[in-house]
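K.L.:
The annotation transmembrane segment is assigned in TrEMBL to 106-128, 151-172, 184-203, 209-228, 240-265, 345-363, 428-446, 466-486, 498-520, 540-568, 580-598, 664-687. TrEMBL lists 380-406 with the feature region 'Disordered'. Look at TrEMBL and you will find 386-406 tagged as compositional bias 'Polar residues'.
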Amino acid sequence: MRRSLPSSLLATCSHVRPHPSHFCIARRAISLYCNIYHRNRPRRHPIKIPPLTWYSPNLQTFASQADSDAPSNERIPHDKKGLATPFVLSKEAATASKDYPISQRLWALPPSIAIHLSIGSVYVYSMWTPGMSKALGVIAAAPQDWTHPTLLPIFSTAAITLGITTSTLGSWIESIGPRTAGTIGSALWSGALLTTAAGVHYHSLPMLYLGYGILGGMGWGFMYLTPVTSVMKWFPDKRGLATGIALSAFGAGAALAPSLIHALVDWFSISPEFVGECVLTGGRVGECVELSILEDGSQVVALNSPVGVPGTPVVVATEADIAKAVGTMGSEGPGVYTIGTGDTGVAKAMGTLGVMYGCLGAIGSRFMMIPHPEWSPDQSRAAEEVTTQSAPVNSTTNNSPGCNFEDSSNNYGLPATYVTTNTTQFPLLWLSVFGNATGGLALLSSSKIMLTDIFAGVAPQIVTPAFSTGYVSALGIGMALGRFGWSAISDVIGRKNAYALFGLGVPIVGMAPYLCHTVVDIAGSGSLTSEEIHVMPYLLTFYSGSVLAITFYGGIFSILPAYIADLFGQKHAGAIHGKALTAWAASAVAGPMGLAYLRSHSQENSIQELLSTINVHDATALERSFGCSIHDEATIEKLIDAKTLTIEKLMELAPPGTVDPTPFLYDSTCYFAAGLMSLAFLSNLAIRPLDLNRAMIDMQTKKIK
């Protein structure tokens, strides 16, 4: 005998119209009743219960039908309490109403700023490389430590991953909504820093590539693209200014991160154990540490050494190495230090920032908003003025000079597939971004070590680790100002004219080697003591010139979304922006990796020149300090590969008056970057406006979607 529902329940259901908010409760009650009374009992007509879901658009349809069937005096109001609440990170929850007031759209900026503050620290990779290149030796590079050319490709890997992410997942990122995309990006970026910290701690290079390179690049793509496209939808009438405000936070994150990283690294760093002085650092023979060189070129305490435990692996720190040390590390002075007894503090600092940035990005993602597809600033402005009984506004007007409503509409534009394959404007824009970004990325990826190499030997009392950190922060500030300032200027003078002004970076970068040679010539003249060298004007010129060049780099990417929207329309600007960012990914390979290759080549040539100079001055100096002859090329090669033989150590053996070649290691890099920036300048000049109406007709003829 089959049980039926209680009559009281049926009577209640037949006289009371169900409210949409009670729909899920009724389903759960019926499901519970069936599970209790009909368990293991056959039924001819089983009750079919719709699957329970957290949110379904069908529920809104049910509510609309229920209300439309009800009498006018009983119709249920359509308010937020009457409908099922969508998941907080869903696109529906992030979408504002189509009558959202235009005066409130500024609230879309703070969440975007929070996300970009978090991911902006990706640009200060140069703050991590000095510590990572001394993870084992701590005070000086150990034979097993990573070299600078080994670490720079990690940043390039992140850039390549960014380009792949934005180009392949750009449309999907827009479809899932800004809150979900931002949360995914925050998790990826936090995991990237934590994975990289573990890689530094365990000295695993693959973990560094997996963390900062792959996870970091993916998080970078999600957290960069999401706020930009969202803000542009809120400000179609002021695209340049809006993206400039949002992206200036990206530069602000790069400006704030160096000081934070420096403080954390200083806090967590531990100085290695000091063994004593050696002959190379001024120790007396028979009273200092005697060293032996193994077959791989590494150094250990010799068996007959009067100081130290024989067989202990060590590194030798010179005055130049001590000058680059952080905080109180190396306070004992130049000499021999034990490998594996200290800590650079990089791993712990990076792990701490991973947690902090993950939380900041997740909070910003939670409050991201996008406008309704039918919302527009002119309609919203007109509605507000009608509400306040003001004069009516023509809906076809626009505040941006030279724009009409059709051009500023979020629902008008060419698809990415057509733009990338059927226009000449896109490849020219791609080349313009690639050439301009190469020089900026080369500087950003190595800014701290570059400044130290060029000016620390000339002005060691001025160019300290703290000064270098301030320089990296100044570059971040310049990038933030460039992202905001140039984007606002582009609203007045036009995107193409703004890109043309970035050609001023060509003489700035091209003249940098001349500036460095002039400073070194003054310092090496011998007419002035180190305290009397008037190096400050040259240092400030280099400082201000590089900051100005970085403002151009920041302006490239803050103007780019608006430039794309002006050329190809706003509707698919996000997807096209993702395709254009592949130019940045290519420049991130050409810039840092090109710098690493050219610097390494210049370093090898400089070492050979110093060896020749030392051989002429004192043929036995190398044998006394390193136990090998100047003519033993195989042993010398091993010592160079093991970082036992460096420019800093050879300068200790060089005769007085020998010019330190370290400041000249970047000459070829500057010339290479200046050439690519010239190519970008010419490519931008060749861009012509695109007739969107004609392009739309051509697209329909070719049946491109």
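Placement of Cβ uses the backbone N, Cα and C atoms for every residue, glycine included.
TrEMBL entries are annotated by machine, without manual review.
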K.L.:
If you count Cβ pairs under 8 Å, which stretch among 151-172, 209-228, 428-446, 540-568, 580-598 touches the transmembrane segment (240-265) the most?
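P.N.:
Counting Cβ pairs under 8 Å, the winner is 540-568.
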K.L.:
For the transmembrane segment (540-568), name the stretch out of 151-172, 209-228, 428-446, 466-486, 498-520 with the most CB-CB pairs under 8 Å.
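P.N.:
Highest pair count goes to 466-486.
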K.L.:
Cβ pairs under 8 Å with the transmembrane segment (184-203): which stretch of 151-172, 345-363, 498-520 has the most?
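P.N.:
If we count Cβ pairs closer than 8 Å to the transmembrane segment (184-203), 345-363 scores highest.
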K.L.:
So which of 106-128, 428-446, 466-486, 580-598 is most in touch with the transmembrane segment (345-363), counting Cβ pairs under 8 Å?
P.N.:
106-128
K.L.:
Check the transmembrane segment (498-520) against the transmembrane segment (664-687) for contact, please; criterion is three or more CB pairs under 8 Å, pairs 6 or more apart in sequence.
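P.N.:
Answer yes: the transmembrane segment (498-520) meets the transmembrane segment (664-687) with 3 or more Cβ pairs below 8 Å.
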K.L.:
Hey, which bits of the same chain come close to the transmembrane segment (664-687), Cβ under 8 Å, at least six residues off its ends?
P.N.:
425, 428-429, 431-436, 438-439, 442, 450, 453-454, 496, 499-500, 502-503, 505-507, 509-510, 512-513, 516-517, 520, 567, 587, 590-591, 594-595, 598-599, 601-603, 606
K.L.:
How about long-range neighbours of the transmembrane segment (466-486): same chain, 6 or more residues beyond its ends, C-beta under 8 Å?
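P.N.:
Residues packing against the transmembrane segment (466-486) from afar: 120, 123-124, 126-127, 244-245, 247-259, 261-262, 443-444, 447-448, 451-452, 498, 543, 546-548, 550-555, 557-559.
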